[in-house]
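The GTP binding site annotation in Swiss-Prot covers 12-18, 42-44, ARG258, 284-286, 324-326 and rests on sequence analysis. Taken from Swiss-Prot, the feature IMP binding site covers ASP13, GLU14, GLY15, LYS16, ASN40, ALA41, GLY42, HIS43, THR127, ARG141, GLN179, THR194, ARG256, and the record attributes it to sequence analysis. Taken from Swiss-Prot, the feature Mg(2+) binding site applies to ASP13, GLY42, supported by sequence analysis. Annotated active site, proton acceptor per Swiss-Prot: ASP13, in sequence order, evidence recorded as sequence analysis. Residues or ranges marked as active site, proton donor in Swiss-Prot (evidence: sequence analysis): HIS43. According to Swiss-Prot, the substrate binding site annotation covers THR252, VAL253, THR254, GLY255, ARG256, ARG257, ARG258, on the basis of sequence analysis.
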Amino acid sequence: MPSYIVVGGQWGDEGKGSIIAYLAIHDKPEVIARGGVGTNAGHSVFINGKKYAVRQLPTGFMNENARLLVGAGVLVDPEVFFHELEHLKDFNVRGRIGLDYRCTVIEPGHKELDRSNGYLHGKIGTTGSGCGPANADRALRKAKQVKDLKELEPYLTDVAQEVNEALDEGKLVLVEGTQGFGLSLYYGSYPYVTSKDTSASAIASDVGIGPTRVDDVIVVFKSFPTRVGAGPFPTEMSEEEAERMGLVEYGTVTGRRRRVGWFDFEFARYSARINGATMLAVTMLDKYDKEAFGVTDFNKLPQKAKDFIAEIEEKVGVPVALIKTGPELEHIIDLRENI
């Protein structure tokens, strides 16, 4: 598995961060590269009971031997970047991070426009992080790049070059996606989408990896999908039902309450197909079956949980390789050896 990509299969907030964190520690990749849109998506991980949330830097930061990279396709907010360098100082991130010199900069004006635009903020439900306006300026070829900012000079690199050289040397490369397939500008429920494609193909392009150099694609699904902001959500349940089932969540970036729904097998199959999934990861199985909490051996899962995993594999047509049964890093079942 010289290179693999982890992407969300629903509308974001699938728990990609917890899967990426596990892979970063367990598999020990030498390079961890982040693709995706920008600072409009947050990944949360729990390490020794402490919660860390990142919006700009790779979620695999806790692997202190890995080179951390942010691909050319990612938007960079200097304010968020430097905040996270300080936030993660215990992990020596500052000495390991590289930004592709071609990344577009999110400027204060982009954030102001994002938050003040009635259409984006009201109808679409933007996070207000400035990503949409920044990508618009990029498409118009008038945006700044990180190479234009002196304060970012120490961190500049050619991410595509680094990643491909690492692959040439047989190193393990982990690529992180952000948000989810259902928010893709191309394949999501337009116009209630993000400002670019979020599929595995796009994430590979973000960091400069050609399609023939991707060995595995892990698509992450949450047992009860969630969505922040407006847009179609066919299996959505009522807020009252979500409260009764203990499924109330709030967005990492926006703080807004997430809409909750039942697992949509048809959408999951479509998502896995377009992303080219070779493996699936299922998170928050303990929310589906509370007796599954903390279980690390598949054979010890309660039957209800086993049946749910079997149904996903049958209806989606892709094997489930990783199962999260709780918030901590060690709350996971790894079935990759059986695939």
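Cβ atoms here come from the backbone N, Cα and C positions, even for glycine.
Worth saying up front: this structure is predicted, and the values here are computed from it rather than measured.
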Exercise for the section: Take the Cβ of ARG257 (substrate binding site) and count every other Cβ within 10 Å, whichever protein chain it belongs to. Expected result: 14
Practice task
Give the number of CB atoms, excluding that of THR325 (GTP binding site) itself, located within 10 Å of its CB.
Solution key: 24
Exercise for the section: Going by Cα-Cα distance, pick out whichever of the recorded positions HIS43, ARG257, LEU285, THR325 is nearest to GLN179 (IMP binding site). Expected result: HIS43
Fill in the blank from the handout: Spatial neighbours of GLY15 (GTP binding site) among the recorded positions ASN40, HIS43, THR127, GLY255, ARG257, ARG258, using Cα within 10 Å, are HIS43
Handout entry: Three-state secondary structure, LEU285 (GTP binding site) (per DSSP)
Key = helix
Problem - C-alpha spacing of GLY12 (GTP binding site) relative to ASN40 (IMP binding site), in angstrom - result: 11
Completion exercise
Simplified DSSP label at ARG257 (substrate binding site) comes out strand
Handout entry: Maximal Cα-Cα distance (Å) across residues annotated as binding IMP, namely ASP13, GLU14, GLY15, LYS16, ASN40, ALA41, GLY42, HIS43, THR127, ARG141, GLN179, THR194, ARG256
Key = 34
Handout entry: DSSP state at SER44 (GTP binding site), helix/strand/coil
Key = strand
Completion exercise
Listed binding-site residues GLY255, ARG257, LEU285, THR325; those within 10 A of ASP13 (IMP binding site), CA to CA, turn out to be none
Exercise for the section: Could you tell me which of these binding-site residues, SER44, THR127, GLN179, has the greatest number of Cβ atoms within 10 Å of its own Cβ? Expected result: THR127
Completion exercise
SER44 (GTP binding site) and THR127 (IMP binding site), compared by Cα position, are separated in whole Å by 17
Practice task
Drop a 10 Å sphere on every Cβ of the binding-site residues ASP13, SER18, ARG258 and tell me which sphere holds the fewest other Cβ atoms.
Solution key: ARG258
